[in-house]
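Taken straight from Swiss-Prot:
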type    : residues                                                       : note
BINDING : Gly114, Glu115, Phe116, Gly117, Ser118, Gly119, Lys120, Thr121 : ATP binding site
Amino acid sequence: MSNEVEQKKNIKTINDLPGISQTVINKLIEAGYSSLETLAVASPQDLSVAAGIPLSTAQKIIKEARDALDIRFKTALEVKKERMNVKKISTGSQALDGLLAGGIETRTMTEFFGEFGSGKTQLCHQLSVNVQLPPEKGGLSGKAVYIDTEGTFRWERIENMAKALGLDIDNVMNNIYYIRAINTDHQIAIVDDLQELVSKDPSIKLIVVDSVTSHFRAEYPGRENLAVRQQKLNKHLHQLTRLAEVYDIAVIITNQVMARPDMFYGDPTVAVGGHTLYHVPGIRIQLKKSRGNRRIARVVDAPHLPEGEVVFALTEEGIRDAEE
């Protein structure tokens, strides 16, 4: 084995990176780049600004981190083996889990979009509870981060869902990190700071943003603000995606819908956010109201899932299968 290969194998943390002073390492940690993984997926420009270091130094650090993690071209077989390690969180409905090939995936952003009352927030509450279940019961024995942009989080709902599953209510509440985002800049700052939280607490396995577009839509109205809005939203979504991929976390975002006046047949509603929202989430699920407590979930876009739809129910106990 060459000395170079041996040296790469010995790099386990950012403190092991060759030629990087402790002063620079401290700056990286203070900026939230505390692991090789976060450095490897950073852009030189962002790292340079965040840590207050020269661009050339940022480029060198990123290259060293990528070399240490052996980031390279992989065979399809290697990718398949990595996909086998993706974990899933049960939604509480076997039908909905079946539509999603087992549940909500880690390392992926899943978007639920639909009209008011279609079940988006109910799913977010349920998944924040279910992620805490042991793997044999459909969870990941993990914690959740809940970013609430519309003030719709209800601890009473969490309590009902936890009680129905026989879980200790106080423990369930204590395993959900909650924050209310008051505007777009606050929402973006929260996600930027999340990197530090999830690196310190590896038990976090779910991040919820409910809803991801409401502040952007309110603060950047009209076509004259569209370019700025989409640019900020795109960067925000990619930051969430990086967290999912680097820390093996499931990211759930909810989104609103709007009517298209130029649609004369079919469903006239489309998700807010335009092409930015069409392309960033790995899985897109549309939710619709049905009779009573029944809701319809339809796969709109997912590279590994066939098109299809199922019916599930919103019950007092939480998300469940709809009765025949």
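Counting starts with 1 at the first residue shown.
Any Cβ shown, glycine's included, is placed from N, Cα and C.
Bear in mind that the values here come from a model prediction, so they are computed numbers and not experimental data.
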>> Let me make sure I understand the structure: which of the binding-site residues listed (Gly114, Gly117, Gly119) has the fewest other Cβ atoms within 10 A of its Cβ?
In response: Gly117
> Taking the Cβ of Ser118 (ATP binding site) as the centre, how many other Cβ atoms fall within a 10 Å radius?
Replying inline: 22
